[in-house]
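Report on the following structure.
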Amino acid sequence: MDDAAVLRKKGYIVGINLGKGSYAKVKSAYSERLKFNVAVKIIDRKKTPTDFVERFLPREMDILATVNHRSIIKTYEIFETSDGRIYIVMELGVQGDLLEFIKCRGALHEDVARKMFRQLSSAVKYCHDLDVVHRDLKCENLLLDKDFNIKLSDFGFSKRCLRDGSGRIVLSKTFCGSAAYAAPEVLQGIPYQPKVYDIWSLGVILYIMVCGSMPYDDSDIKKMLRIQKEHRVDFPRSKNLTGECKDLIYRILQPDVNRRLHIDEILSHSWLQPPKPKAMSSASFKREGEGKYRADCKLDTRPGSRPEHRPDHKLATKPQQRMLVTPENEDRMEDRLAETSRAKDHHISGAEVEKAST
């Protein structure tokens, strides 16, 4: 029985294909029970690596069934067929993902970015308070609802933190995520605090929101890592970012894990606080290189409204591929950094983690 027939029996009328990842495909569908459209993630156990099926998939399904937050994609139903196909029925991000939005729209005005980033940070705090880490925070995994609110999705690399006898979180040794959003310690293959890793990814996302470009060029992992370890963050002058915004990004993209901000410190940062009421004319206001915005900061989603200035590091035209190095295969790392770094949208292997750390 094909996917459409399986879903039809469950009360879902299949629509269009929304995307395809390494181990799954996503389709839209209309739920006769819920009376609205949903997204259905379909995973075939037979076509999925054993390590993913045995370790990551159970974690993802467990966490999806647990989390409940307004800025996290809702999961309505999970079921499996006798032949090993898993169907995860979720909330549909009707406005697409944040990456596509920014590629179309350009850098966001700080007021808009503040609202979205506060929503994302709130979702991450909710997860961290439950000792759940995402480990693949990136713009492609941030979906937008009809009102352009952030919805965190794709918990494929998520896990529940383990604690030792003293209550301290056990360091993670599975180096996963997407290279452009990965923290320096992860790229170096150093056992890491998973919550602190999530924080770094938040900094990359915020930079993309307000600059419309990547903070680092990930076409050369070794060079990128060197710049990150020097705590260099360059901001385009054309964006005229406020000092508070740049301060928050700079403090999040801190290579020293002991000095990197925690999620509560991010949420209490001055830039994220609601702006004080002030008189404002009804006329649109303008910021150099950003175009015109309505006084109430509504988002203009029309294609072609890119900012005047081109980004220093262009946003990827393809989704960022994930990296995954598990403890079991660390001893089989080979030196392939030079050849893989030449690929524009490459998969980070164990070799890259090992070489980047030297």
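Note: Cβ is positioned from N, Cα and C throughout, glycine not excepted.
For reference, Swiss-Prot has these:
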DOMAIN    12-272  domain 'Protein kinase'
BINDING   Leu18, Gly19, Lys20, Gly21, Ser22, Tyr23, Ala24, Lys25, Val26, Lys41  ATP binding site
ACT_SITE  Asp136  active site, proton acceptor
COMPBIAS  296-315  compositional bias 'Basic and acidic residues'
REGION    296-358  region 'Disordered'
COMPBIAS  329-358  compositional bias 'Basic and acidic residues'
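Confidence over the domain 'Protein kinase' (12-272), given as mean pLDDT on the 0 to 100 scale, stands at 96. In this structure the residues listed as binding ATP are Leu18, Gly19, Lys20, Gly21, Ser22, Tyr23, Ala24, Lys25, Val26, Lys41; their two most distant Cα atoms lie 14 Å apart. Under DSSP, Val26 (ATP binding site) is assigned to a strand (E or B) in the three-state scheme. Between the CA atoms of the residue listed as 'active site, proton acceptor' and Leu18 (ATP binding site) there is a gap of 19 Å, rounded to the nearest whole number. The record gives Leu18, Gly19, Lys20, Gly21, Ser22, Tyr23, Ala24, Lys25, Val26, Lys41 for ATP. Within 8 Å of the mean position of their Cβ atoms, the other Cβ atoms in that chain belong to Ile42. Spatially close to Ala24 (ATP binding site) yet at least six residues away along the chain are Lys41, Ile42, Ile43, Gly156, judged by Cβ distances under 8 angstroms. Long-range Cβ proximity for Leu18 (ATP binding site), meaning a same-chain Cβ under 8 A and a gap of 6 or more residues, is found for Val26, Lys27, Ser28, Ala39. Residue environment of Ser22 (ATP binding site) contains 12 other Cβ atoms, counted within 10 Å of its Cβ in all protein chains.
The 10 Å shell around the Cβ of Lys20 (ATP binding site) contains 12 further Cβ atoms across the protein chains shown. In the three-state DSSP assignment, the secondary structure recorded for Asp136 (active site, proton acceptor) is coil. For Val26 (ATP binding site), the Cβ neighbour count at a 10 Å cut-off comes to 18, with all displayed protein chains included.
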